[in-house]
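Peer 1: Grabbed the feature section from TrEMBL, which reads as follows:
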BINDING   Asp64, Gly69, Asp71, Ser73, Glu85  Ca(2+) 1 binding site
BINDING   Pro160  substrate binding site
BINDING   His190  heme b binding site
BINDING   Asp242, Thr244, Asp249  Ca(2+) 2 binding site
DISULFID  Cys32-Cys112  disulfide bond
DISULFID  Cys65-Cys70  disulfide bond
DISULFID  Cys118-Cys315  disulfide bond
DISULFID  Cys197-Cys229  disulfide bond
DOMAIN    22-319  domain 'Plant heme peroxidase family profile'
SIGNAL    1-20  signal peptide
SITE      Arg59  site 'Transition state stabilizer'
Amino acid sequence: MSPLLPHLVLYLLLLTVVTGETLQPRFYSETCPEAESIVRREMKKAMIKEARSVASVMRLQFHDCFINGCDASLLLDDTPNMLGEKLSLSNINSLRSFEVVDDIKEALERACPATVSCADIIIMASRDAVALTGGPDWEVKLGRKDSLTASQKDSDDVMPSPRANATFLIDLFKRFDLSVKDMVALSGSHSIGQGRCFSIMFRLYNQSGSGKPDPALEPGYKKKLNKLCPLSVDQNVTGDLDATPQVFDNQYFKDLVSGRGFLNSDQTLYTNRETREYVKMFSEDQGEFFRAFEEGMVKMGDLQSGRPGEVRFNCRVVNRRPIHGLLEA
Ligand code: HEM
Ligand SMILES: *[C@@H]1O[C@H](CO)[C@@H](O)[C@H](O)[C@H]1NC(C)=O
Ligand SMILES: *[C@@H]1O[C@H](CO)[C@@H](O)[C@H](O)[C@H]1NC(C)=O
Ligand SMILES: *[C@@H]1O[C@H](CO)[C@@H](O)[C@H](O)[C@H]1NC(C)=O
């Protein structure tokens, strides 16, 4: 054996600890060659059952990756000694379609037991949500491990409010090495799906405590939202995030240009000088939006915590049980 070999092994070990898993395309080509087609098939089934569900699943990538990296921490159910991410301010009564992820996991466990991580399922399924609704299709890097823990507070500390303005969002995304262009393109995810009245009541009736609606709202659209969300409304009632909520296209950006953004965080991208140029560009050139979106999704998918992980058997629970802060083998 070369005398350098032990050093090399140690070096590689350290590298793995520091940078986390090494992600690569076709990671499961030997161990589970059908993995990607199984996920695509299950997403197609979910979409036929309920069109919105694929948007709801795609949102999971954002809420997973921003909290300690893409490690499926947000899929963990609470336990008596762990309050997870599902109850956090941005997630409670809002994140949905967890059962779609469960179905995908079940299908994968049948085909290749204990092989494909829940974190990778989220990444593949999010890509599929976009491809299945008319958006771009791209190759994803895989090989993530699932977290052993989750924290409600970690999510509360990071996830942005629908009230957020562009300046705040630029700074937030910068902390994750995502540029202004990445942030605007990724907001284009709101080309599909819905939001609750709860998320826009302040905009409609009391923007920034002014007692008035957000002046950026186009009057006709404002009227429509007032009808959907009167002051007395059940705030779980939902409205479309753009004019074509089942099609992944650049309609979202056209809507922002005409003052028809649903969330304050959406419309502010057109009000703000720095982000407006990108909104304009994407509204005029769908190809440019698609390219920037893919790039943003891949970059967001690279976020990792460097913490130890495992491949869960069930996406909602960890396999290994912590004992006195240590982990059982
Ligand atoms: C830029 C900052 C962002 C903010 C402030 C934000 C906020 C929100 C809010 C408030 C909702 C509606 C939730 C509700 O009313 O229950 C929503 C929905 C959604 N978000 Fe975001 N979001 C952001 C970025 C993203 C990103 C980066 C993605 C994915 C790449 C994403 C994907 C989605 C999707 C697909 C929906 C619709 C989900 C459904 O229909 O169930 N969002 N977002
Ligand atoms: C944007 O939001 C931040 C934090 O919420 C606030 O301090 C700032 O004044 C806002 N900027 C604008 C231009 O409204
Ligand atoms: C609007 O918000 C401000 C500040 O949060 C609050 O003091 C005021 O009572 C609100 N007005 C209405 C009509 O709800
Ligand atoms: C929405 O529904 C949930 C579950 O039924 C309920 O607990 C919550 O209070 C409702 N939220 C709003 C804003 O009305």
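Using N, Cα and C of the backbone, Cβ positions are placed for all residues, glycine too.
Thinking about packing and proximity, how do these listed features fit into the structure?
Peer 2: For Ser73 (Ca(2+) 1 binding site), other Cβ atoms within 10 Å of its Cβ number 27. Secondary structure at Ser73 (Ca(2+) 1 binding site), taken from DSSP and collapsed to helix, strand or coil, is helix.
According to its DSSP assignment, Pro160 (substrate binding site) is coil. Sequence-distant neighbours of Pro160 (substrate binding site) (same chain, six or more apart, CB under 8 Å from its CB) are Ser90, Phe168, Leu169, Leu172, Ser265, listed in sequence order.
Annotation for His190 (heme b binding site): spatial neighbours Leu241, Asp242, Tyr252, Phe262, Leu263, Asp266, criterion Cβ-Cβ under 8 Å with sequence separation of six or more.
Around Thr244 (Ca(2+) 2 binding site), the same-chain residues six or more apart in sequence whose CB sits under 8 Å from its CB are Ser191, Gln251, listed in sequence order. Taken residue by residue with DSSP, Thr244 (Ca(2+) 2 binding site) is part of neither helix nor strand, so it is coil.
For Cys32 (disulfide bond), the number of other Cβ atoms no farther than 10 Å from its own Cβ, over all displayed protein chains, is 16.
DSSP assigns Cys65 (disulfide bond) to a helical segment in the three-state reduction. Contacts of Cys65 (disulfide bond) defined by a Cβ separation under 8 A and a same-chain sequence distance of 6+ are given as Met300, Gly301, Leu303, in order along the sequence.
In three-state terms derived from DSSP, Cys315 (disulfide bond) belongs to neither a helical nor a strand segment and is classed as coil.
If you draw a 10 Å sphere around the CB of Cys197 (disulfide bond), it holds 19 other CB atoms from the protein chains shown.
For Arg59 (site 'Transition state stabilizer'), the same-chain residues lying six or more positions away in sequence with a CB closer than 8 A to its CB are Leu95, Ser189, Gly193.
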Peer 1: Within 8 Å of the Cβ centroid of the Ca(2+) 2 site residues Asp242, Thr244, Asp249, which other residues of the same chain have their Cβ?
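Peer 2: Other same-chain residues with Cβ inside the cutoff are Ser191, Ile192, Ala243, Pro245, Val247, Phe248, Asn250, Gln251, Tyr252, Asp255.
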Peer 1: Neighbour count first, Cβ atoms within 10 Å, every protein chain included; then name which of Cys70, Cys112, Cys229, Cys315 tops the list of disulfide-bonded residues.
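Peer 2: Most Cβ neighbours within 10 Å: Cys70.
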Peer 1: Near the Ca(2+) 1 site, what residues other than Asp64, Gly69, Asp71, Ser73, Glu85 in the same chain have a C-beta no further than 8 Å from the centroid of the listed C-beta atoms?
Peer 2: Cys65, Ile67, Asn68, Cys70, Ala72, Leu74, Ala119, Ser147, Ala150, Ser305
Peer 1: Return only the integer: C-alpha distance in Å from Ser73 (Ca(2+) 1 binding site) to Cys315 (disulfide bond).
Peer 2: 9
Peer 1: Tell me which of the recorded positions Cys32, Cys197, Cys229, Asp249, Cys315 ends up closest to Asp71 (Ca(2+) 1 binding site) in space, Cα to Cα.
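Peer 2: Nearest listed residue in space: Cys315.
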